[in-house]
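Contents: one structure, followed by commentary.
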Amino acid sequence: MQDIQLDKLLSADMSPENAQQVMQALSQSLNEHNIRYYVDDAPTITDSEYDRLMQCLIKLEAQFPQFIVADSPTQRVGGLALAKFDQITHLKPMLSLDNAFGEADFSAFHKRVTDKVGEVSFCCEPKLDGLAVSILYRHGVLERAATRGDGTVGEDITENVKTIKSIPLKLRGNDFPEVVEVRGEAFMPKAAFEALNERARAKDEKLFVNPRNAAAGSLRQLDSKITASRSLAFYAYALGVVEPDSYSLGKTHYEQLQQLKSWGLPVSNEIKVCDELDQVFDYYKDILTRRSDLPFEIDGVVMKVNDIAQQQRLGFVAKSPRWAIAYKFPAQEEMTLLEGVDFQVGRTGAVTPVARLKPVFVGGVTVSNATLHNADEIERLGIKIGDTVIIRRAGDVIPQIVAIVPERRPETATNIVFPHNCPVCGSLVERLEGEAVARCSGGLFCEAQRKEAIKHFASRKALDIDGMGDKVVEQLIDKELVQSPADLFKLTASMMTMLDRMGMKSATNLAAAIEAAKTTTLARFLYALGIREVGEATAANLAAHFASLDALRVATVEQLTAVEDVGVVVAQHVAHFFAQPHNLEVIDALIAAGVHWPAIEAPSADAQPLKGQTWVLTGTLNQLNRNDAKAQLQTLGAKVAGSVSKNTDCLVAGEAAGSKLAKAQELGVKVIDEEALLALFAANR
């Protein structure tokens, strides 16, 4: 395109046919120059020449909008801002990594790996401190992008990802799969972060605390124009789903990264293959030494078994691969002054001491508070108000007081005294024998507990009241509209218009969401009650075992321990909860308000043909939602596990089944497809 005389081109009358050809050529040329600049680091034209080509394309697209193509570089910034992000279910779960915090941890990981598959090489790469992103290309064109989310479901950030100039809208060349999912890290380079905060400072706006927060906030903008102004970058670090399965991929992780690079995707230049354990440690030390000089923030390095066949043999545990680990850098530490201690009250009444610190910059953020956990921790540290303390950001995330500096203790230092009465409601603070945590005895009489309990009650995994966010709950309680969860169902739209920034339309929508939440399941209801130590899985097991709330209310500790995965401690918490009159009053009020769920029929032996069996689901199911499939298998008596082992009875393999399928075949585990699973469900209705 450099040979085109742009001025003549734009001034001439051009036929639609010629315009379409020129626009396609310009798009291809600009996309190629983007890759040469951001990926190859070898630009072949100047910035001004690139700008002239771009301006030419912009003017032609304005004149012939019917010929604008999806991969045009002008389409990186979308038009209208979104109202909210849609949810995307990942075709293949986006797992997290286990951590190693020293040579001993990594050596133990290395031994586990080599004991299983023999000698290995590692592909080593910096652990970028950004946001994990999945990008799906179909026929070489960027189709969608999503955040990791909870690993199963993420948010659709396609329009924002398109604004990242280093991410190609169309893959380079023709030798790529029909469908390819690219996984990597979106991040904000240090220079871009400094420039962003400089602009904010000039406008007297709030500053971002670190590049990671800036990157996350930028990617979650509903207006992609804002994202485009933030100068984000991206490095690919793995492949996700690839279709067809027969496509020839590299046999090592490093080779696959080079394939990604050949398609025009940016890959870190700091990646290195290490064949020996000493080389891995040398790589770690080298990156750690150069950490402050790198153009981006990192919090460690990632070591992956390089051989793909060995990766498949090693497989996965519930939330992470067995063949990779994040070798974290030591947390950064600073000294500061303990100026005071505040006591906070949580949802379950836990009274937690929180240190008020002289603000100190550590690990990339300014820290002014840190939890002291409980009285035992205060005693262990021997800490007093007025002490100089050492602050560490554990894992570069959570501020933690790790020690005091005794020689700096002033004569005026004072003991930290736990309150005898709740700082919120004045009720007695109790510490049961054998427990580290002191608790307010006020229950829902305590405003702090009310707020946290009702936030939990309305949360997505509980009664899932759409629009009932934390700030709404806080206002409802502050304005004395709600005292207990049952009061939520007495709210009207007109009552909720009293809340800040709550118009009649929003209030009407929230009232409808509250009404809809009356229909739930026993498992969700039990989880929503906020019984100590009762999470989603335990609530589901309790619901399935007792089948009714009435039966559960009178269950003994002995009866409760008969429930799958319920131990003595959890059983005691459940029994104690249902023994409290004020809790029973709340439950009765909720039932009276109309909260209900379908009856659970106690399964007969014939209705549970899979009782005692362990099943595993893997790959993409086309006709079933994975959670529905899991629930139906559990109804038939099966235990649904997250990984394949010698104890697995059957693996359900959907599309792109991957390593779990290989492991099942290796162990001789029975494998069925989705059609067979549907037939099983149909036969047992």
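Yeah, the Cβs are placed from backbone N, Cα and C, and that goes for glycine too.
Per Swiss-Prot, the features are as follows:
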BINDING   ASP47, SER48, GLU49, TYR50, ASP51, SER96, LEU97, GLU125, ARG148, GLU185, LYS304, LYS328  NAD(+) binding site
ACT_SITE  LYS127  active site, N6-AMP-lysine intermediate
BINDING   CYS422, CYS425, CYS440, CYS446  Zn(2+) binding site
DOMAIN    605-685  domain 'BRCT'
Practice problem: Using the centroid of the Cβ atoms of CYS422, CYS425, CYS440, CYS446 as reference, list every other same-chain residue with Cβ within 8 Å of it (recorded Zn(2+) site), in sequence order. | Solution: VAL345, GLY349, ASN421, PRO423, VAL424, GLY426, SER427, VAL429, SER441, GLY442, PHE445, GLU447, ALA448, GLN449
Exercise. Round to a whole number and give the Cα-to-Cα distance in Å for the pair ARG148 (NAD(+) binding site) and LYS127 (active site, N6-AMP-lysine intermediate).
Key: 16
Self-check item: CYS440 (Zn(2+) binding site) to LEU97 (NAD(+) binding site) - Cα separation in whole Å
Solution: 37
Quiz item: CA-CA, which of the recorded positions GLU49, ASP51, LEU97, LYS127 lies nearest CYS425 (Zn(2+) binding site)?
Solution: LEU97
Self-check item: Distance, LEU97 (NAD(+) binding site) to LYS127 (active site, N6-AMP-lysine intermediate) (CA atoms, angstrom)
Solution: 11
Quiz item: Going by DSSP, is ASP51 (NAD(+) binding site) part of a helix, a strand, or coil?
Solution: helix
Quiz item: Cα distance, LEU97 (NAD(+) binding site) to CYS422 (Zn(2+) binding site), nearest Å?
Solution: 40
Exercise. Have a look around CYS425 (Zn(2+) binding site) and count the other CB atoms within 10 A of its CB, chains all included.
Key: 19
Quiz item: Of these recorded positions, LYS127, ARG148, LYS304, which scores lowest on Cβ atoms within 10 Å?
Solution: ARG148
Exercise. Going by DSSP, give the three-state secondary structure for CYS425 (Zn(2+) binding site).
Key: coil
Quiz item: Within 10 Å of the Cβ of CYS440 (Zn(2+) binding site), how many other Cβ atoms can be counted across all chains shown?
Solution: 27
